[in-house]
């Protein structure tokens, strides 16, 4: 079917499908007050830290986790939480969490209460469960073996079957959050494992993973240990860092003594907390962190006929540019997206520019490949908050326009290629083009460093319904006319996959692959009602 001619009937069926598959979840767009309704919203960020050597440690673990969450703030701005443990008792943890941003939730007084030798934290953006205090993470549950804390990034595709199993075991659930469901699932020991010497958490985690292959990355804390878990498809990112001595500088972390270890959704905050990137978790890997270091305790394999399905939009949009995936920095992948876009959709122009800051790396790549100069044409007003939800598209568009000013001297009389990373609803780009034309631009050509978004995501990204996605309503020529551009072109799906592989580390092809479901409709495990696991 041609996406530009998708019927309202198919859109309606899309919504009915979601309601049929997930009847307990409210898939109406959950947009908290102040949220930007023009773009995508990411899932969540998880972080954990543990000190090595003698305890009590001299490292302020609470501060390390807090700074780690600050670096992951782009992954969720709705709520946050930190849980710490001394590692001496399993009876209780120190907990602080709430609604809002990190700098509003954690001050000197709260940090003094978060003492310990290990801890985990979470930034949240709601995808299914409502934006309420009860759904803040990390979740803490009290088990027969002591307190258990868990932080989760992603969304369980087959949550209904897991929910049914937990409820049939007599466990009550107080929320619709997947994270509580995971925590309660881990509390239920499988009947086929022996636990004479205490809880076998790796076996419990493995059992959960066989029931729910995607989508998640987890950090789980119990007494004196942290477990890091990545789903069998590798859909959500998770990586390990090593806390090194302050004076190490740019020295090699593998030869430096470890003062502690961290695990994070992204590596972008490692340098700011004195840590160095070590590696990513493998898909299906369960890693145990103790005061003695870390080790792989199990790897849960996915079926041989299934490929890895790392979310490709981590490269396009979600991740911070200084994060590392697959052995390459996200910035370099975005640069390659711009180069590939220039090869696919070249044109004659005077300058290349970007919508700051999301399209900047791709714009530099486009400029280098096209042998055109790069120049800034938009000045971002950093004192305008996120666009407030307005009752009409017109007011929303005006709100977006307030964020930018035009650098008239760079714009006047110029033929401009303007690069952005993606188009979702199409509300943002029109006011920006008008702003540039009002500043004297001769031509404005839009180039998008990703393919058009056409399908919803069932794995933790809050992508709007197909009816709201502009790519399902208008083809590139129609969209160019709609937003007032002289031309508009997207990067192809094949081009995107090619671009993100240019600088990636060499690996076994069976351990490589991307989820492009929001672009192609090809879901890694099929649609939820068709899942065979």
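Cβ from N, Cα, C; glycine included.
Counting every protein chain shown, the number of other Cβ atoms lying within 10 Å of the Cβ of residue 44 (active site, nucleophile) is 28. The feature active site, nucleophile is assigned by TrEMBL to 44.
Annotated [4Fe-4S] cluster binding site per TrEMBL: 311, 457, 515, 518, in sequence order. The number of other Cβ atoms within 10 Å of the Cβ belonging to residue 457 ([4Fe-4S] cluster binding site), over all protein chains shown, comes to 21.
Counting Cβ atoms from all protein chains shown, residue 358 (Mg(2+) binding site) has 19 others lying within 10 Å of its own Cβ. Annotation comment: TrEMBL describes 358, 420, 421 as Mg(2+) binding site.
Residues annotated as domain 'Glutamine amidotransferase type-2' in TrEMBL: 44-292.
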Additional residues surrounding [4Fe-4S] cluster, by Cβ distance to the 311, 457, 515, 518 centre under 8 Å: 235, 312, 313, 459, 461, 463, 516, 517
Closest of 358, 420, 421 to residue 515 ([4Fe-4S] cluster binding site), Cα positions, binding-site residues only: 421
Euclidean distance between Cα atoms of residue 311 ([4Fe-4S] cluster binding site) and residue 421 (Mg(2+) binding site), Å: 15
Residue 421 (Mg(2+) binding site), number of other Cβ atoms within 10 Å: 26
Pairwise Cα distance for residue 311 ([4Fe-4S] cluster binding site)/residue 44 (active site, nucleophile) [Å, integer]: 14
Predicted model, mean pLDDT over the domain 'Glutamine amidotransferase type-2' (44-292): 90
Candidate nearest residue 420 (Mg(2+) binding site) in space, where candidates are the recorded positions 44, 457, 518 and distance is Cα-Cα: 518
Rounded Cα separation (Å) that holds between residue 518 ([4Fe-4S] cluster binding site) and residue 358 (Mg(2+) binding site): 19
